[in-house]
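Feature list (source: TrEMBL):
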- 20-39: transmembrane segment (TRANSMEM)
- 51-71: transmembrane segment (TRANSMEM)
- 91-110: transmembrane segment (TRANSMEM)
- 177-196: transmembrane segment (TRANSMEM)
- 202-225: transmembrane segment (TRANSMEM)
- 246-271: transmembrane segment (TRANSMEM)
Amino acid sequence: LFDGVYPFYLQQRKVAVFDVSTIIVIVVFLTFTCSFLLIIPGIRGRARLYWTLRVLLSLLVGVVIVAVQFTGDWETGWVKTNTSYKSFSRALVNADIGLHVGLAGVNITLMGNPVNQVNETIDYNEHFAWSFDADYDHSYSEGLERGLPSPILYVAEKFTTQNPCSMNKQYRISSHYASATLWVAFCTWLISNMLFSMPVLVYGGYMLLVTGAFMIFSLLSFSTVRNSLMCPIQFGTATLHIGYGGSFWLTLAIGLLCFVAGITVVALHYFNLDLLKTFFDLREDKAGEYQEMTEVYVNPCFVNKGQ
């Protein structure tokens, strides 16, 4: 202790929405996209447009399914308030306090208005993980030892296992099931791409429907935390309210896109198979085979002898 106050040490920070894992996923899928764009000029005719739509939409679905596993904005909330900054101190600071909930843990943000107050720079973003290989209570204890600001510790304490609110259990279980169903959706997405590369397009459409269904199941799993009582997070008269964030709505949009694409493929299979084959570049190949079979080469010598 320094004059009865925990000292503040420098520590590693984690970005609230994007982190290294998310960036790696995006870079990998961008590499696939750029590689495809390099070979797309070699495809002739309208098939070039069809190939571009199919590949880009498929890559969009894949990158969203994987990237949202590592984002931290499934639920977000902000509050602006005057609050105490340190333990054993009566000094108040004006700050924005943010809570960002992801599938792997929570990020708690504290930003002063202005940033420089009480002779310090108030700009914190702390990550507390609850994944299978992480111990949330241990991360919270480390925060206490480092002497994190009181608002961050107050919000983080709400998610500890010993807290009577039981928010840790609610969020941790729902997040684990949501993550697991998303990985299943990623597997079915891979299978749908394999089926679309073979002349069994309707089964690829069925797997797209399954992919969309598992994405919706992940959202339902995460949203179950709303069915239980939530402890209020209050700073004086101000209350920190959280709502669904960008990753939640993006997953919902891509899940609905999978449903629309899957239903379209299945409907075209039963009502307009020729159009479906044209879109998947199977019609031209078939026409080429027919053309090869119908071409006949006649030797003029045999024709003259026959006459």
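Backbone N, Cα and C atoms are what each Cβ position is placed from, and that goes for glycine too.
Counted as Cβ pairs under 8 Å, contacts with the transmembrane segment (246-271) are highest for 202-225 among 20-39, 51-71, 177-196, 202-225. Within its own chain, the transmembrane segment (202-225) has Cβ neighbours under 8 Å at 61, 65, 74, 103, 167, 170-171, 174-175, 177-179, 181-182, 184-185, 188-189, 191-193, 195-196, 244, 248, 251-252, 254-259, 261-266, 269, counting only residues six or more beyond its boundaries. Long-range contacts of the transmembrane segment (177-196) within the same chain: residues 54, 58, 61-62, 65-66, 68-69, 103-104, 203-205, 207-208, 210-212, 214-215, 217-219, 221-222, 251, 280, each at least 6 residues beyond the stretch ends and with a Cβ under 8 Å from a Cβ of the stretch.
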